[in-house]
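Chemist: One structure is given below, represented as structure tokens, and several questions about it will come after.
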């Protein structure tokens, strides 16, 4: 009986794959064919041992019994003009500006906290292990998404996520995807019943790390068919677990709920870029559905609804909203970022034989490290971003003289703000050679800390393979221990690594600076978007050492925080464009 069940499920996958790979809408006839296949599957599975049926009431609607649309009064709004889902035709999209001032006047969705790696949905997470695997949660109250509708700003709070499987609800240019997730958000404005839904498509490919974690956690805490299964210690980060990896372009339109009563009070946001899902993960959805509803089909999508004259608007993602090295490539010039295509860009190749004496640089002096190069300059109150780059955000600096650089006629005092790493390939090269690791200590004009265009100075530290770096060892162990204990999670920002009676402090001299302080200095830019050309670079030429094991930890943190990312985080070398690179403290040729 088990083999027959597998054969029939395979037949269903084949039917659905024909529709999806053929880039055609799933028609009523094809749906009927799929339904017949599932009828056979359901009759076989009905006697399966060990299957837990739903003990409480199922949905009062069912895709198999009522059909793939809601007729006969089940959907109170059937026949009205703004129903969902729809087929999104990308060659007939309207620009977002055309939506403003119209009857459906709606702004771009401000994702706000949903883009943050620290925005965690963790409180009272519960999942419904029946058809659609809906799970609910309490979202944070701060930094919520916003839409301006008819001149009124609405703040939206995420309330639940569910899935439509084996055939997506929306189609894009006639193509149905094998899975579509819907995150439902409710307006927090008094008296408003407005909803906003984010739709995420999945295409066949590698397993999705979040779905893997969700399904495994759910299965370990309950049985298929159970309702309100609590997922203890389960966290959801929307940026990492749900949103597309790189392109945040979405299609927006006015529509409805896709299940009874199909209320027309939804602002839809269907994202263009698809995530991936494996066949094995889709099989879990089928098992859950059949356990909860033995008479049901494993597809739970409503048929495409007529557009009825509505416009669908394209909201192009800002390239620097969420950048990712594997998705955007190793440069930002080809991603519509004009600010990354200037003539004073970083990183560069430092050719030591052509370094000019620092004394010949008339408008910029050497950096006077002052107390930064002492045992006494210890930064406390530091926090860490557990993600790509492993950034340490420095607390307030101790009393004492901060580093000084004379720029033009002004002595500029710089405050250290943070340090982060670029790994497996350094960003700068020295005589054409990449190092495995490069740290960047970012400092800002202390008199203009609030100015986004304020002068920056960055100290670059190279690492070569060798002995483990003691400071990196301590940092990585603290991260690993706290993740293992559940105190923090991958992708979180601003976490403390302090232990009782053992604070996580940073001393620049002992933890970062090499013993020889010769460095190359030049005018450049940030190496990540927006690539602002406001940086005085100081790349120290004597490397520290890092072990292979430490590099592996950087890779693990990156992949756990950014599924789909590459473990290299370097921008490609930029042209010098006539700039002079200077040598200081004996580094000149």
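These residue numbers are counts, starting from 1, taken along the chain as shown.
Each residue, glycine too, has its Cβ placed from N, Cα and C.
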Chemist: Can you match one of 269, 440, 538 to the Zn(2+) site that Swiss-Prot gives for 420, 422?
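Modeler: My reading of Swiss-Prot gives 440 as the candidate in that site.
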Chemist: Residue 440 (Zn(2+) binding site) to residue 258 (substrate binding site): how many Å between their Cα atoms?
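Modeler: If we compare the Cα positions of residue 440 (Zn(2+) binding site) and residue 258 (substrate binding site), the gap is 49 Å.
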Chemist: Express the distance between the Cα positions of residue 259 (substrate binding site) and residue 420 (Zn(2+) binding site) as a whole number of Å.
Modeler: 47
Chemist: Within 8 Å of the Cβ centroid of the Zn(2+) site residues 420, 422, 440, which other residues of the same chain have their Cβ?
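Modeler: Filtered neighbour residues, in order: 389, 391, 419, 421, 427, 438, 439, 527, 569.
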Chemist: Looking at the binding-site residues 258, 259, which sits with the largest number of other Cβ atoms within 10 Å of its Cβ?
Modeler: 258
Chemist: If you count other Cβ atoms within 10 Å of each one's Cβ, which of the binding-site residues 420, 422, 440 has the most?
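Modeler: For the binding-site residues 420, 422, 440, the Cβ with the most other Cβ atoms within 10 Å is 422.
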Chemist: In whole Å, how far is residue 258 (substrate binding site) from residue 420 (Zn(2+) binding site) when you measure between their Cα atoms?
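Modeler: One finds 45 Å between the Cα atoms of these residues.
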Chemist: Fill in the CA-CA distance, residue 422 (Zn(2+) binding site) to residue 258 (substrate binding site), as an integer in Å.
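Modeler: Checking the Cα atoms of residue 422 (Zn(2+) binding site) and residue 258 (substrate binding site) gives a distance of 45 Å.
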Chemist: What does DSSP say about residue 440 (Zn(2+) binding site): helix, strand or coil?
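Modeler: It is in a strand.
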